[in-house]
């Protein structure tokens with residue numbers, strides 16, 4: 001090896017055998033670099049101005065994780081100063097950055113010292129000019145680099161006998177360690193928050209054969225229209241408003257933080273297909289100020305998630321207004337349950353909340369029983385007129401105008417109708433519902449414009465179009481034929497849904513019934529039109545808990561900002577293609593998803609395949625959502641994610657994201673339960689887990705070949721077996737002959753649409769002890785000023801105490817478990833009752849009493865209801881330890897680490913998986 005040249009005082013050269021090069025260390029600061037440090041006496045080019053200082057928080061995982069997962073962002077010490085943007089002696093350009101952006105082939109998980117050298121000198125503020133050479137990486141900060149490097153070491157853990165740390169479910173995914181010159185700027189936001197998009201693997205295998213060999217699924221998990229919560233301090237999505245949209249001429253990718261500028265900055269090289277494109281003339285021009293702009297401050301070069309205001313060439317017609325057609329069941333069952341009264345009152349109270357900033361929103365109301373009741377709502381009237389159509393076989397509109405009206409212009413008539421809608425049908429004794437015909441009429445009303453049909457049904461459609469029969473045969477439950485009940489019972493609904501999708505019409509279903517409603521069939525409408533299904537079994541508005549839950553959720557749906565007439569397309573680097581899609585949409589072509597409406601916080605899963613070997617050091621995946629905002633603006637939301645490539649199975653396992661994997665497996669299990677059987681779906685989850693851990697044992701650990709008493713997993717997948725065990729016990733998949741088909745079908749709707757933040761607690765509930773919670777729990781505190789929750793417990797009945805008060809919640813329901821020996825003081829302080837025996841179980845409204853413990857318990861309950869994205873308001877149940885068997889069993893079924901009926905405990909499940917891994 002050649003000897004290093006004479007170094008400045010205080011510097012030391014150390015030989016790195018893995019990199020086959022010297023690394024230079026400043027002994028006074030401990031900073032290391034690959035470039036030879038220059039002696040101050042040597043002639044150098046002028047030193048550029050030092051960049052602005054930035055906070056030393058690691059760039060990725062970003063602080064937005066704290067918002068997505070409700071945990072405070074880690075505090076990192078102050079940044080280390082840097083000497084400049086580039087190595088001294090490197091020429092400086094007016095348009096900096098393109099000189100040092102040539103791709104560098106490099107393993108994503110290289111030697112510690114090697115990567116440390118790449119990450120030093122990168123403490124640069126977001127939006128600052130990019131640095132040249134190795135200092136052009138997207139992830140700056142010495143503190144970040146050190147944390148990243150430690151996380152890349154494959155640490156193997158034996159699960160047998162190990163109690164899972166459930167608090168780790170809130171941890172961010174493994175970081176994507178990109179080459180240092182991957183990003184064109186130094187922005188901390190060049191990778192998307194995982195609540196928008198995440199991948200099951202954060203390193204891309206270079207070949208399909210390597211992916212097949214690893215047995216790891218490769219899929220994107222995304223919620224591109226994620227809600228912005230002020231309570232979580234979520235930043236708004238940056239908007240590019242100047243109309244300058246730079247796209248690749250060949251693959252049509254949007255310019256993003258991972259492109260390369262060439263030819264003096266006049267052209268940019270696509271990071272997906274490699275084509276050279278011209279930089280738009282106005283790219284460096286501030287049109288508002290009419291002066292040159294800083295290219296490196298452009299939002300699309302600094303943010304992974306960005307929206308472009310689309311020019312007219314992205315429109316095939318003027319922007320669609322928000323349109324809401326309400327189809328309300330007014331049969332005797334709907335009136336008697338109180339559904340109609342609550343629905344009408346909620347719509348009335350939500351008229352000001354409906355998206356209507358430009359006064360273009362349109363509304364129609366249709367009531368259905370054994371006839372169709374249309375309402376004429378003229379702009380100059382204060383009362384609505386009703387027109388009844390008894391013909392249900394050939395649905396027609398009784399009037400060409402005033403049935404679909406402008407909300408602002410016809411507000412008096414709309415308010416008058418909603419105020420007395422329930423009373424109009426109060427004396428009706430009609431049995432039966434023509435819901436299908438009502439849906440068809442609503443489609444005729446809004447089909448030429450597009451919009452949303454919101455259907456509220458309280459009984460099975462038994463007359464007119466789309467007639468359904470009660471097919472919930474108890475003899476099928478718990479058998480291989482039960483999967484028939486999870487598929488549509490009438491093809492009319494799927495055919496109608498596809499017709500709606502073609503006309504930009506979405507359908508939301510709100511279902512209320514104490515009897516069979518056939519959620520599996522009616523759920524086809526939201527599934528293919530990008531809507532959502534909501535179920536309220538046994539709804540009775542006389543119970544305030546039922547009325548409040550429905551009114552709250554319905555009101556949030558009505559107030560939700562939505563995207564209209566949308567399409568989603570995912571593009572990826574050469575060699576990667578989309579192979580399968582899961583979620584609520586219609587697949588218009590091989591890679592184009594049609595969504596008449598894009599609701600907030602709805603999840604989609606897209607499977608990926610590697611068609612051709614990947615040559616580059618990193619790949620880029622980009623999701624584009626072309627949509628019309630509910631405020632009449634055509635926009636493109638672009639989400640860009642980059643990840644390094646690797647040819648190592650060990651690195652694939654180290655990069656795997658257990659939350660994304662569990663989400664993928666949930667979608668695949670639901671799909672398999674419908675195409676095969678529930679038993680096959682459960683086995684599929686366990687078999688896929690066994691295959692992954694078998695490969696890990698044989699290819700990564702030293703225990704290859706032969707049986708082992710251990711069950712080895714990488715540390716980043718420590719909780720994946722627990723999530724798989726919980727998934728097989730979930731009401732949507734678990735074994736048993738006592739689960740009503742509607743509840744199972746609805747659970748499967750949630751499993752395939754909930755975003756990760758809500759899905760994981762739905763699969764693996766949260767469990768807290770309240771009677772002995774720490775004094776700070778239930779109070780405001782912490783760095784972010786959020787409500788502090790008690791420590792999460794493992795989901796096992798071993799944690800229950802006869803004298804205790806516990807909370808179990810899965811995002812849909814909250815159970816307060818009260819032990820039989822709870823002291824009277826606890827009962828008095830929480831429930832305002834003298835003793836345990838006076839306490840009634842079931843749905844409950846918890847009183848907020850004038851004592852500190854009641855205040856803290858109520859705060860914890862409120863926090864669990866509000867801490868996640870979505871419209872859901874969990875119902876609260878009080879469960880006494882000696883409660884009625886059905887309620888008690890329901891609550892205990894959430895303790896997924898316990899043995900349940902014929903299903904094994906978590907410890908037994910691990911033994912089963914270990915047997916598969918050992919090949920026995």
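Residue numbering: from 1, along the chain as shown.
From the backbone N, Cα and C atoms, a Cβ is placed for every residue, glycine too.
As recorded in Swiss-Prot:
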type	residues	note
DOMAIN	5-39	domain 'WW'
REGION	248-273	region 'Zinc finger-like'
BINDING	248, 251, 270, 273	Zn(2+) binding site
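Residues within less than 8 Å, Cβ to Cβ, of residue 251 (Zn(2+) binding site) and separated from it by at least 6 positions along the same chain comprise 270, 272, 273, 275, 571. In the three-state DSSP classification, residue 248 (Zn(2+) binding site) falls within coil. Annotated Zn(2+) site 248, 251, 270, 273; additional same-chain residues within 8 Å of its Cβ mean position, judged by their own Cβ, are 249, 250, 252, 253, 271, 272, 274, 275, 277. Burial estimate for the binding-site residues (248, 270, 273): highest at 270, by number of other CB atoms within 10 Å.
Mean per-residue pLDDT, taken over the domain 'WW' (5-39), amounts to 62. For the recorded site, residue 270 (Zn(2+) binding site), the DSSP three-state label reads coil.
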